[in-house]
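First up is the structure itself, then whatever we jot down about it.
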Amino acid sequence: MNRISGIAASNGIAIAKAFRLENPELTIDKKNVADTQAEIQRFGQAVNESIAELEVIKKRTAEEISDKEAAIFGAHLLVLEDPELIGPITDKINNDSVNAEFALHETSTMFVDMFEAMDNEYMKERAADVRDVTKRVLAHLLGVKIQNPSMITDEVVVIAEDLTPSDTVQLNPKYIKGFITDIGGRTSHSAILARTLEIPAVVGAKSAMSSIDNGTIVIIDGLEGEILLNPDDATLAEYKEKQTAFASQKAEWAKLKNEATLTKDGVAVELGANIGTPKDLTGVLENGGEAIGLYRTEFLYMGRDEFPTEEEQFDAYSAVLKGMENKPTVVRTLDIGGDKELSYLKLPKELNPFLGLRAIRLCLEMPDMFRTQLRALLRASVHGNLKIMFPMIATLDEFREAKAILLEEKAKLEAEGVEVSDSIEVGIMVEIPSTAVMADTFAKEVDFFSIGTNDLIQYTMAADRMNESVSYLYQPYNPAILRLVKTVIDASHKEGKWTGMCGEMAGDEIAIPILLGLGLDEFSMSASSILKARSQLSRLSKADMEGHTEHILGLATSQEVEDYVKNL
Amino acid sequence: MVEKSFTITDPAGMHARPASALVGSLSKFQSDITMEFKDKKVNLKSILGVMSLGVPSGSTVQIAADGADEAEAMETIERVLQEQGISNE
């Protein structure tokens, strides 16, 4: 039995066969062929097999995921039918008496180079499409199998070097019991996705791809970040027991689904969920979420070729607001840039994307895009309890400008006779230290704060949260962070406003008692953490925790805070 | 031969989705169909050809169909461009 350690990314125990999501190297040798007609036929056969395969993938993607995602494969099918690609390849086989692999490679390389040479990010992406399609045909010619996550129909644990957004859209939780990636951290997209899908995951496992064979029985302990390979019977039994215990604990928590969140001393706090798409609503409702503390709208913009239209956005926002049946729903306006790119946005590469043109900065730079989103939000506002939140606010001027644009769009809609809610709260994410420090000033103008801890920690510690070499600086319990959080909460309360938290920290077992003592009003987390948090809060007394606050804030290190809270 | 100019009004230009719809609707026609932009002419039945033009929003393209079913082909082109919301002419 072997053991690999990684970063615990999503809770629970998964036991299943390993499925390696490979990226095979396809080598192409130039060969002379005597029978060119037979070679052309072999090529045609590989194309047809690829078409048949893509048809299945497209159909399955449309059924299991969405038509929009399936459209990617529609474009790939057209490439395989493209006379400007197929014609030159058969000509080349015929005229130069070369093998199909070589002719395909030469011709497709021409297109890849052409797209890559274009001075346009979107077109450069098309080079990837051509490569993708070429690879599929090559694989058929060479008899190598290419995997598509959407084709997995066995219960497996996926092992991959990394999962790209396009891989992840094809993951069906019905079959994927968990996943392990070589790279990534707790806040990488694949980790967030795992928590949303509620499947156990270990990321940053480094040697998973090099040491796990297909079909190996794998145990993922998503709580401890442990991976066990080929477990002996005793270990298997032990983990099956843990799996059962986890399931029964979940069942225990499930009883709290319709209960209010009350501390032991009877103080009510609000437990919200972070979501990415209207699909995630199910999880929020099943886990008894009292609010949506963060709706990440950027997923509407990602994995596609063009901006979502106002109508598309209106539909998505309305669906969420209606689904929440008047419970508070905080929608964050587009937060793109940093580690999240949009190919069609054609933004120049930045040296420090996390410090660059992202989130509200980008929206203010591209007001048309921003206004479209705001209009869609305002129109949807009559369907529920909408709160609008601007991300990455660094200065009061940015907030004022964003709010002015919002009010302009509201006035325009009303002039057009469109009904807009009159009780939309407008708040900001606090994720930049400058804003946390100036919270007293902001509190006079905003309706609420939501503390985004992942970025607040990153910017306060000056440590890139995607960089594993400095991951030790991701310290939610560092007194520096806690003092900033206190500043924000106190400032909001002084002005009669409320503060929520929508980072990873809000659902963290160690952080929850501290945040309760600091007076946090709303905790927003992965839907799957809500019931556990409700259970924990019911055993905590707010008055007690307030009594510990001063001591905690006076501690010197993150470790001291952690040790103190654990021993309470 | 029939020829017509179209102005691409989609803010993202002639991107993959409408290009796919357009190219996909033309394979059944026998006529030669071309799209010309900035002195470069490509086969409109070729998705790679159309994408390679990189037509940005606001620009005008010339489309020509030549063959037995040219009129019908042009009607299809106009309909698809409109349905895709990429050109309203």
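Using N, Cα and C of the backbone, Cβ positions are placed for all residues, glycine too.
The feature domain 'Phosphotransferase system enzyme I N-terminal' is assigned by TrEMBL to A:5-126. Annotated domain 'PEP-utilising enzyme mobile' per TrEMBL: A:153-225, in sequence order. If you look up TrEMBL, you'll see A:H189 marked as active site, tele-phosphohistidine intermediate. Per TrEMBL, the feature domain 'PEP-utilising enzyme C-terminal' maps to A:250-540. Here TrEMBL flags A:R296, A:R332, A:N454, A:D455, A:R465 as phosphoenolpyruvate binding site. Summarising the annotation, TrEMBL assigns Mg(2+) binding site to A:E431, A:D455. According to TrEMBL, the feature active site, proton donor maps to A:C502.
Local packing around the binding-site residues A:R296, A:R332, A:R465 was summarised as the count of other Cβ atoms within 10 Å of each Cβ; on this measure the leading residue is A:R332.
For A:D455 (phosphoenolpyruvate binding site), the same-chain residues that are 6 or more apart in sequence and have a Cβ closer than 8 Å to its Cβ are A:F354, A:M392, A:M429, A:E431, A:I432, A:R465, A:G503. Using a 10 Å Cβ-Cβ cutoff, A:N454 (phosphoenolpyruvate binding site) registers 18 neighbours. Counting only the Cα atoms, the space from A:C502 (active site, proton donor) to A:N454 (phosphoenolpyruvate binding site) is about 9 angstrom. Between the recorded positions A:E431, A:C502, the minimum number of other C-beta atoms within 10 Å of a residue's C-beta occurs at A:E431. Under DSSP, residues within the domain 'Phosphotransferase system enzyme I N-terminal' (A:5-126) fall into helix, strand and coil as 81 helix, 15 strand, 26 coil. Helix, strand and coil content of the domain 'PEP-utilising enzyme mobile' (A:153-225), in residues and according to DSSP, is 18 helix, 19 strand, 36 coil. The record assigns A:R296, A:R332, A:N454, A:D455, A:R465 to the phosphoenolpyruvate site; their largest pairwise CA distance measures 21 Å.
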